[in-house]
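Got a structure here, written out as structure tokens. Questions coming.
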Amino acid sequence: MQTTYSTFLLAGQTVHCITFDPTTFTDADLLWLPHHQLLSEAGRKRKADHLAGRIAAFHALKRQAIPGIGSSGEPLWPAGVSGSISHSGTQAVAICQEKGVVGIDCEAIINEREAREIQDGVIDAREAQLLAGSGLPFDLAFTLTFSAKESLFKALFPQVQAWMGFDSARATALTANTLTLSLSRPFPPFAQNQAFTLHWSQINTQVITLICDA
């Protein structure tokens, strides 16, 4: 599969990015992955997305390891490493650090019509008011909130080991480069109302959200 590797900074952290052409993917490309047999029944798009994400993670890990697949589908990082992977369209991103809470997500900006249709499953009335008063277009503000929740859930999963719905956290602040989420109920070891600040960036029609706490 044809890929291009690059990096960029978000909140002072290096994000490793793979831009890929899924039309050039072949099943033979998966043989590079130690866990390729676990993907034998996956669709072509899933395989290409997964491969691109693992290539990004390989670079994030200084080309020393490739994360496997956990029982819930989560990446299995080497001992002592916290990391996160995301992909959207023809882009995959990954980031890692020693320990800490790490989550990254990239999303294509959801058009306003679709955002309005699905908003009740993602945000509540208070969050809708926050987004409306943010000064950002609704489609961008909504996508950022959607993405930030995904990033947070990825970051907390290694410790929580439980599925978290969009109502598990509430957006409480949105600025030109950060978004704050507060847990709506306890997820041990994290407390109800515990707040997390994520950084965000827009690259063309994609947004990327990141939480990276020691």
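Glycine residues also receive a Cβ, built from the backbone N, Cα and C atoms like all the rest.
Residues annotated as domain '4'-phosphopantetheinyl transferase N-terminal' in TrEMBL: 36-95. For ARG46, ARG54, SER86, HIS87, ASP105, GLU150, LYS154, the entry in TrEMBL reads CoA binding site. Here TrEMBL flags 102-189 as domain '4'-phosphopantetheinyl transferase'. Marked as Mg(2+) binding site by TrEMBL: ASP105, GLU107.
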Considering the binding-site residues ARG46, HIS87, which residue's Cβ sits among the greatest number of other Cβ atoms within 10 Å?
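Highest number of other Cβ atoms within 10 Å: HIS87.
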Quick one: pull the CA-CA distance for GLU107 (Mg(2+) binding site) versus HIS87 (CoA binding site), whole Å only.
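So the Cα of HIS87 (CoA binding site) lies 8 Å away from that of GLU107 (Mg(2+) binding site).
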If I take every residue in the domain '4'-phosphopantetheinyl transferase' (102-189) and average their pLDDT values, what number comes out?
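The answer is 97, the mean pLDDT of the model over that range.
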Within its own chain, what residues at least 6 apart in sequence put their Cβ under 8 Å from the Cβ of ASP105 (CoA binding site), listed in sequence order?
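Long-range Cβ contacts: SER84, SER86, SER147, ALA148, GLU150, SER151, LYS154, ILE208, THR209.
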Once the chains shown are all counted, how many other Cβ atoms turn up within 10 Å of the Cβ of ARG54 (CoA binding site)?
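24, counting other Cβ atoms within 10 Å of ARG54 (CoA binding site).
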Count the residues of the domain '4'-phosphopantetheinyl transferase' (102-189) that DSSP assigns to helix (H, G, I), to strand (E, B) and to coil, and report the three numbers in that order.
44 helix, 20 strand, 24 coil
Consider each pair of residues in ARG46, ARG54, SER86, HIS87, ASP105, GLU150, LYS154, all listed by the record as binding CoA, and report the largest Cα separation in Å as a whole number.
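So the binding residues stretch over 18 Å, Cα to Cα.
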